[in-house]
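What TrEMBL says about this one:
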- 23-288: domain 'NADH:quinone oxidoreductase/Mrp antiporter transmembrane' (DOMAIN)
- 290-343: domain 'NADH dehydrogenase subunit 2 C-terminal' (DOMAIN)
- 1-20: signal peptide (SIGNAL)
- 57-76: transmembrane segment (TRANSMEM)
- 96-115: transmembrane segment (TRANSMEM)
- 152-171: transmembrane segment (TRANSMEM)
- 178-197: transmembrane segment (TRANSMEM)
- 203-222: transmembrane segment (TRANSMEM)
- 243-267: transmembrane segment (TRANSMEM)
- 279-302: transmembrane segment (TRANSMEM)
- 323-343: transmembrane segment (TRANSMEM)
(Lines of atoms letter the chains of each structure in order from A and count residues from 1; the text may use other names and numbers.)
(Lines give C-alpha, C1' and ligand atoms only; values in the text may rest on other atoms or scores of the structure.)
Protein backbone atom coordinates (compact mmCIF):
# COMPACT_ATOMS: atom_id res chain seq x y z
CA UNK A 1 0.00 0.00 0.00
CA UNK A 2 1.23 3.50 -0.85
CA UNK A 3 2.67 5.13 2.34
CA UNK A 4 0.81 8.40 1.61
CA UNK A 5 -2.51 6.56 1.22
CA UNK A 6 -1.84 4.67 4.46
CA UNK A 7 -1.02 7.92 6.26
CA UNK A 8 -4.25 9.54 5.00
CA UNK A 9 -6.29 6.49 6.10
CA UNK A 10 -4.74 6.44 9.59
CA UNK A 11 -5.16 10.22 9.97
CA UNK A 12 -8.81 9.93 8.88
CA UNK A 13 -9.31 7.15 11.46
CA UNK A 14 -7.95 9.41 14.17
CA UNK A 15 -10.05 12.35 12.94
CA UNK A 16 -13.29 10.32 12.73
CA UNK A 17 -12.81 8.86 16.21
CA UNK A 18 -12.04 12.30 17.68
CA UNK A 19 -15.12 13.88 16.05
CA UNK A 20 -17.44 11.15 17.38
CA UNK A 21 -15.96 11.13 20.89
CA UNK A 22 -16.04 14.92 21.31
CA UNK A 23 -19.44 15.68 19.70
CA UNK A 24 -22.69 16.51 21.48
CA UNK A 25 -24.80 16.66 18.31
CA UNK A 26 -26.09 13.51 16.62
CA UNK A 27 -25.13 14.64 13.10
CA UNK A 28 -21.51 15.27 14.13
CA UNK A 29 -21.32 11.85 15.83
CA UNK A 30 -22.74 10.24 12.67
CA UNK A 31 -20.21 12.13 10.51
CA UNK A 32 -17.32 10.83 12.64
CA UNK A 33 -18.60 7.24 12.34
CA UNK A 34 -18.84 7.62 8.53
CA UNK A 35 -15.28 9.01 8.27
CA UNK A 36 -14.08 6.04 10.34
CA UNK A 37 -15.84 3.54 8.08
CA UNK A 38 -14.47 5.08 4.88
CA UNK A 39 -10.94 5.31 6.35
CA UNK A 40 -10.66 1.63 7.36
CA UNK A 41 -11.93 0.16 4.06
CA UNK A 42 -8.66 0.78 2.10
CA UNK A 43 -6.73 -0.85 4.98
CA UNK A 44 -8.99 -3.93 4.88
CA UNK A 45 -8.75 -4.38 1.10
CA UNK A 46 -5.07 -3.37 0.67
CA UNK A 47 -3.88 -6.90 -0.21
CA UNK A 48 -6.33 -7.05 -3.23
CA UNK A 49 -6.98 -10.71 -2.43
CA UNK A 50 -10.60 -11.75 -3.25
CA UNK A 51 -11.15 -12.59 0.44
CA UNK A 52 -9.95 -9.11 1.48
CA UNK A 53 -12.22 -7.42 -1.09
CA UNK A 54 -15.14 -9.55 0.12
CA UNK A 55 -14.36 -8.58 3.73
CA UNK A 56 -14.27 -4.86 2.86
CA UNK A 57 -17.65 -5.08 1.03
CA UNK A 58 -19.24 -6.93 3.98
CA UNK A 59 -17.82 -4.36 6.38
CA UNK A 60 -19.07 -1.44 4.29
CA UNK A 61 -22.61 -2.84 3.95
CA UNK A 62 -22.98 -3.58 7.68
CA UNK A 63 -21.52 -0.25 8.80
CA UNK A 64 -23.60 1.71 6.28
CA UNK A 65 -26.78 -0.02 7.52
CA UNK A 66 -25.85 0.69 11.14
CA UNK A 67 -25.06 4.36 10.37
CA UNK A 68 -28.45 4.72 8.64
CA UNK A 69 -30.12 3.36 11.78
CA UNK A 70 -28.15 5.82 13.96
CA UNK A 71 -29.34 8.70 11.78
CA UNK A 72 -32.92 7.40 11.72
CA UNK A 73 -32.91 6.96 15.51
CA UNK A 74 -31.62 10.51 16.12
CA UNK A 75 -34.11 12.00 13.62
CA UNK A 76 -37.08 10.20 15.20
CA UNK A 77 -35.92 11.37 18.65
CA UNK A 78 -35.58 14.97 17.36
CA UNK A 79 -39.06 14.70 15.81
CA UNK A 80 -40.56 13.57 19.14
CA UNK A 81 -38.60 15.78 21.57
CA UNK A 82 -37.07 18.60 19.49
CA UNK A 83 -33.60 17.72 20.84
CA UNK A 84 -30.49 16.86 18.76
CA UNK A 85 -28.30 16.49 21.84
CA UNK A 86 -26.85 12.98 22.28
CA UNK A 87 -27.56 12.85 26.00
CA UNK A 88 -31.26 13.78 25.46
CA UNK A 89 -32.28 10.46 23.91
CA UNK A 90 -35.63 9.93 25.65
CA UNK A 91 -37.93 8.43 22.99
CA UNK A 92 -38.24 4.61 23.65
CA UNK A 93 -38.36 3.72 19.92
CA UNK A 94 -35.25 5.80 19.25
CA UNK A 95 -33.46 4.08 22.15
CA UNK A 96 -34.27 0.65 20.72
CA UNK A 97 -33.13 1.67 17.22
CA UNK A 98 -29.90 3.13 18.56
CA UNK A 99 -29.17 0.00 20.64
CA UNK A 100 -29.62 -2.11 17.48
CA UNK A 101 -27.38 0.22 15.44
CA UNK A 102 -24.57 0.23 18.01
CA UNK A 103 -24.85 -3.56 18.44
CA UNK A 104 -24.34 -3.88 14.66
CA UNK A 105 -21.35 -1.55 14.72
CA UNK A 106 -19.73 -3.33 17.67
CA UNK A 107 -20.56 -6.86 16.50
CA UNK A 108 -22.72 -7.81 19.49
CA UNK A 109 -24.75 -11.02 19.01
CA UNK A 110 -27.13 -11.53 17.20
CA UNK A 111 -25.59 -8.91 14.85
CA UNK A 112 -22.14 -10.49 15.02
CA UNK A 113 -22.03 -12.53 11.79
CA UNK A 114 -19.94 -10.02 9.81
CA UNK A 115 -17.16 -9.62 12.38
CA UNK A 116 -15.31 -13.00 12.26
CA UNK A 117 -15.54 -13.06 8.43
CA UNK A 118 -14.12 -9.54 8.08
CA UNK A 119 -11.28 -10.26 10.52
CA UNK A 120 -10.45 -13.49 8.68
CA UNK A 121 -10.13 -11.56 5.38
CA UNK A 122 -7.64 -8.96 6.65
CA UNK A 123 -4.06 -8.82 7.90
CA UNK A 124 -3.30 -9.11 11.63
CA UNK A 125 -2.56 -5.37 11.99
CA UNK A 126 -5.86 -4.33 10.36
CA UNK A 127 -7.66 -6.97 12.45
CA UNK A 128 -6.11 -5.31 15.52
CA UNK A 129 -7.52 -1.92 14.43
CA UNK A 130 -10.96 -3.44 13.83
CA UNK A 131 -10.95 -5.15 17.25
CA UNK A 132 -9.81 -2.12 19.26
CA UNK A 133 -9.82 1.37 17.66
CA UNK A 134 -13.01 0.85 15.64
CA UNK A 135 -14.93 -0.24 18.75
CA UNK A 136 -14.16 2.96 20.67
CA UNK A 137 -16.48 5.55 18.95
CA UNK A 138 -19.65 3.34 19.06
CA UNK A 139 -18.91 2.40 22.68
CA UNK A 140 -18.51 6.11 23.52
CA UNK A 141 -21.97 6.82 22.07
CA UNK A 142 -23.39 3.94 24.12
CA UNK A 143 -21.62 5.41 27.20
CA UNK A 144 -23.24 8.84 26.62
CA UNK A 145 -26.79 7.50 26.18
CA UNK A 146 -26.50 4.76 28.85
CA UNK A 147 -29.07 6.33 31.29
CA UNK A 148 -31.78 6.11 28.58
CA UNK A 149 -31.18 2.52 27.45
CA UNK A 150 -33.45 -0.46 28.09
CA UNK A 151 -31.85 -2.79 30.70
CA UNK A 152 -33.71 -5.92 29.51
CA UNK A 153 -32.54 -5.48 25.88
CA UNK A 154 -28.93 -4.88 26.88
CA UNK A 155 -28.86 -7.83 29.30
CA UNK A 156 -30.25 -10.08 26.54
CA UNK A 157 -27.61 -8.83 24.09
CA UNK A 158 -24.90 -9.31 26.73
CA UNK A 159 -25.83 -12.91 27.58
CA UNK A 160 -26.29 -13.84 23.89
CA UNK A 161 -22.90 -12.35 22.99
CA UNK A 162 -21.08 -14.08 25.85
CA UNK A 163 -22.72 -17.42 24.97
CA UNK A 164 -22.13 -17.22 21.22
CA UNK A 165 -18.63 -15.77 21.57
CA UNK A 166 -17.60 -18.68 23.78
CA UNK A 167 -19.53 -21.39 21.95
CA UNK A 168 -18.49 -20.51 18.39
CA UNK A 169 -14.85 -20.03 19.33
CA UNK A 170 -14.53 -23.64 20.46
CA UNK A 171 -14.01 -25.33 17.09
CA UNK A 172 -12.00 -22.62 15.30
CA UNK A 173 -8.49 -23.24 13.96
CA UNK A 174 -7.76 -19.71 12.64
CA UNK A 175 -6.30 -17.34 15.25
CA UNK A 176 -8.06 -14.26 13.83
CA UNK A 177 -11.49 -15.93 14.06
CA UNK A 178 -10.76 -17.07 17.62
CA UNK A 179 -9.87 -13.48 18.59
CA UNK A 180 -13.02 -12.22 16.83
CA UNK A 181 -15.22 -14.49 18.97
CA UNK A 182 -13.16 -13.48 22.00
CA UNK A 183 -14.00 -9.85 21.20
CA UNK A 184 -17.73 -10.64 20.90
CA UNK A 185 -17.63 -12.39 24.28
CA UNK A 186 -15.84 -9.47 25.99
CA UNK A 187 -18.29 -6.96 24.49
CA UNK A 188 -21.05 -9.01 26.13
CA UNK A 189 -19.47 -8.36 29.54
CA UNK A 190 -19.30 -4.63 28.76
CA UNK A 191 -22.93 -4.47 27.57
CA UNK A 192 -24.11 -6.19 30.78
CA UNK A 193 -22.81 -3.41 33.01
CA UNK A 194 -22.98 -0.20 30.94
CA UNK A 195 -26.32 0.99 32.39
CA UNK A 196 -25.33 0.42 36.02
CA UNK A 197 -21.69 1.56 35.95
CA UNK A 198 -20.57 3.16 32.65
CA UNK A 199 -17.08 3.97 34.02
CA UNK A 200 -16.51 0.29 34.76
CA UNK A 201 -17.47 -0.50 31.15
CA UNK A 202 -14.83 1.91 29.83
CA UNK A 203 -12.21 0.52 32.22
CA UNK A 204 -13.06 -3.01 31.01
CA UNK A 205 -12.68 -1.81 27.42
CA UNK A 206 -9.25 -0.24 28.10
CA UNK A 207 -7.96 -3.45 29.71
CA UNK A 208 -9.45 -5.51 26.85
CA UNK A 209 -7.64 -3.26 24.32
CA UNK A 210 -4.36 -3.68 26.25
CA UNK A 211 -4.60 -7.49 26.28
CA UNK A 212 -5.89 -7.88 22.72
CA UNK A 213 -3.17 -5.58 21.36
CA UNK A 214 -0.56 -7.71 23.15
CA UNK A 215 -1.96 -10.91 21.58
CA UNK A 216 -2.18 -9.44 18.06
CA UNK A 217 1.34 -7.97 18.20
CA UNK A 218 2.75 -11.27 19.49
CA UNK A 219 1.00 -13.23 16.73
CA UNK A 220 2.17 -10.68 14.15
CA UNK A 221 5.79 -11.06 15.31
CA UNK A 222 5.69 -14.83 14.77
CA UNK A 223 3.37 -14.54 11.68
CA UNK A 224 0.90 -16.95 13.28
CA UNK A 225 -2.42 -17.22 11.40
CA UNK A 226 -3.40 -20.80 12.27
CA UNK A 227 -3.10 -23.03 15.33
CA UNK A 228 -0.78 -25.39 13.41
CA UNK A 229 1.64 -22.45 12.83
CA UNK A 230 1.41 -21.54 16.50
CA UNK A 231 2.63 -25.03 17.43
CA UNK A 232 5.92 -24.46 15.57
CA UNK A 233 6.51 -20.85 16.67
CA UNK A 234 7.96 -21.92 20.06
CA UNK A 235 11.36 -22.56 18.44
CA UNK A 236 11.43 -19.04 16.99
CA UNK A 237 10.60 -16.95 20.06
CA UNK A 238 10.34 -19.00 23.27
CA UNK A 239 10.21 -15.96 25.59
CA UNK A 240 7.50 -14.25 23.51
CA UNK A 241 5.42 -17.43 23.41
CA UNK A 242 5.62 -17.73 27.20
CA UNK A 243 4.42 -14.11 27.52
CA UNK A 244 1.69 -14.86 24.95
CA UNK A 245 0.48 -17.78 27.08
CA UNK A 246 0.15 -15.48 30.13
CA UNK A 247 -1.65 -12.83 28.04
CA UNK A 248 -4.15 -15.42 26.75
CA UNK A 249 -4.82 -16.64 30.28
CA UNK A 250 -5.25 -12.99 31.30
CA UNK A 251 -7.86 -12.55 28.51
CA UNK A 252 -9.61 -15.60 29.93
CA UNK A 253 -9.89 -13.73 33.26
CA UNK A 254 -7.81 -16.01 35.46
CA UNK A 255 -6.35 -14.62 38.70
CA UNK A 256 -3.73 -13.34 39.52
CA UNK A 257 -3.51 -11.79 36.00
CA UNK A 258 -4.79 -8.40 34.78
CA UNK A 259 -7.90 -9.78 33.03
CA UNK A 260 -9.35 -10.94 36.36
CA UNK A 261 -9.93 -7.31 37.51
CA UNK A 262 -12.81 -6.33 35.14
CA UNK A 263 -14.64 -9.65 35.48
CA UNK A 264 -14.40 -9.55 39.26
CA UNK A 265 -15.70 -5.94 39.39
CA UNK A 266 -18.51 -6.62 36.89
CA UNK A 267 -19.76 -9.65 38.86
CA UNK A 268 -19.55 -7.57 42.06
CA UNK A 269 -21.55 -4.72 40.46
CA UNK A 270 -24.20 -7.07 39.04
CA UNK A 271 -24.62 -8.63 42.51
CA UNK A 272 -25.01 -5.13 44.03
CA UNK A 273 -27.79 -4.41 41.50
CA UNK A 274 -29.56 -7.63 42.64
CA UNK A 275 -28.87 -9.31 39.29
CA UNK A 276 -27.38 -12.45 40.82
CA UNK A 277 -28.89 -14.72 38.13
CA UNK A 278 -27.31 -12.67 35.33
CA UNK A 279 -23.96 -12.68 37.17
CA UNK A 280 -24.15 -16.47 37.59
CA UNK A 281 -25.08 -17.12 33.93
CA UNK A 282 -22.40 -14.79 32.53
CA UNK A 283 -19.78 -16.36 34.83
CA UNK A 284 -20.72 -19.88 33.69
CA UNK A 285 -20.65 -18.81 30.03
CA UNK A 286 -17.14 -17.42 30.44
CA UNK A 287 -15.98 -21.01 31.03
CA UNK A 288 -16.59 -21.65 27.32
CA UNK A 289 -14.13 -18.88 26.51
CA UNK A 290 -11.70 -20.23 29.09
CA UNK A 291 -11.64 -23.55 27.20
CA UNK A 292 -10.41 -22.08 23.91
CA UNK A 293 -7.98 -19.69 25.63
CA UNK A 294 -6.47 -22.69 27.41
CA UNK A 295 -6.27 -24.48 24.08
CA UNK A 296 -4.45 -21.49 22.54
CA UNK A 297 -2.10 -21.29 25.54
CA UNK A 298 -1.44 -25.04 25.21
CA UNK A 299 -0.59 -24.69 21.52
CA UNK A 300 1.59 -21.64 22.19
CA UNK A 301 3.88 -23.19 24.80
CA UNK A 302 3.27 -26.78 25.80
CA UNK A 303 2.98 -28.51 22.42
CA UNK A 304 6.45 -29.09 21.00
CA UNK A 305 6.21 -30.88 17.64
CA UNK A 306 9.18 -33.00 16.54
CA UNK A 307 11.69 -31.11 14.40
CA UNK A 308 15.03 -32.04 12.87
CA UNK A 309 18.19 -30.85 14.61
CA UNK A 310 20.34 -30.57 11.47
CA UNK A 311 19.77 -26.84 10.96
CA UNK A 312 20.58 -23.66 12.86
CA UNK A 313 18.10 -22.86 15.63
CA UNK A 314 15.50 -20.46 14.30
CA UNK A 315 15.65 -17.94 17.12
CA UNK A 316 19.24 -17.04 16.13
CA UNK A 317 18.02 -15.85 12.74
CA UNK A 318 14.80 -14.20 13.95
CA UNK A 319 14.44 -10.52 14.90
CA UNK A 320 13.67 -9.95 18.59
CA UNK A 321 10.15 -8.76 19.52
CA UNK A 322 9.61 -5.00 19.62
CA UNK A 323 9.75 -3.05 22.87
CA UNK A 324 6.03 -2.13 22.67
CA UNK A 325 5.07 -5.83 22.52
CA UNK A 326 7.25 -6.55 25.56
CA UNK A 327 5.71 -3.67 27.57
CA UNK A 328 2.11 -4.58 26.68
CA UNK A 329 2.52 -8.30 27.39
CA UNK A 330 4.07 -7.44 30.77
CA UNK A 331 1.19 -5.09 31.64
CA UNK A 332 -1.33 -7.75 30.54
CA UNK A 333 -0.01 -10.04 33.26
CA UNK A 334 0.90 -7.86 36.25
CA UNK A 335 -1.72 -5.11 36.70
CA UNK A 336 -3.85 -6.93 39.31
CA UNK A 337 -1.99 -5.35 42.30
CA UNK A 338 -3.12 -1.93 40.99
CA UNK A 339 -6.81 -2.85 41.41
CA UNK A 340 -7.21 -0.80 44.68
CA UNK A 341 -6.09 2.28 42.71
CA UNK A 342 -8.55 1.43 39.90
CA UNK A 343 -11.36 1.01 42.44
CA UNK A 344 -10.81 4.52 43.78
CA UNK A 345 -11.37 6.00 40.27
CA UNK A 346 -14.72 4.22 39.73
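We number each residue from 1, going along the chain as drawn.
From the backbone N, Cα and C atoms, a Cβ is placed for every residue, glycine too.
Long-range neighbours of the transmembrane segment (243-267) within the same chain, counting only residues 6 or more positions beyond its ends whose Cβ lies under 8 Å from a Cβ of the stretch, are 182, 186, 189, 192-193, 200, 203-204, 207-208, 210-212, 214-215, 218-219, 279, 282-283, 286, 289-290, 293-294, 296-297, 300-301, 326, 329-336, 339, 342-343, 346. Of the recorded ranges 57-76, 96-115, 152-171, 178-197, 323-343, the transmembrane segment (279-302) has the largest number of C-beta contacts under 8 angstroms with 152-171.
The listed stretches are 57-76, 152-171, 203-222; of these, 57-76 has the most Cβ pairs under 8 Å to the transmembrane segment (96-115). When pLDDT is averaged over the domain 'NADH dehydrogenase subunit 2 C-terminal' (290-343), the result is 73. Within the chain, the transmembrane segment (178-197) has long-range Cβ neighbours (under 8 A, six or more residues past its boundaries) at 106-109, 112, 115-116, 119-120, 127, 131, 135, 139, 142-143, 146-147, 149, 151, 154-155, 157-166, 168-169, 172, 204-205, 208, 212, 215-216, 251, 262-263, 266, 269-270, 272-273, 278, 282, 285-286, 289, 292-293, 296, 346. Outside the transmembrane segment (57-76), and at least 6 residues removed from its termini, the chain residues within Cβ reach (under 8 Å) are 26-27, 29-30, 33-34, 37, 40-41, 44, 84, 89, 91, 93-95, 97-98, 100-102, 104-105, 111, 114, 117-118, 121, 130, 141.
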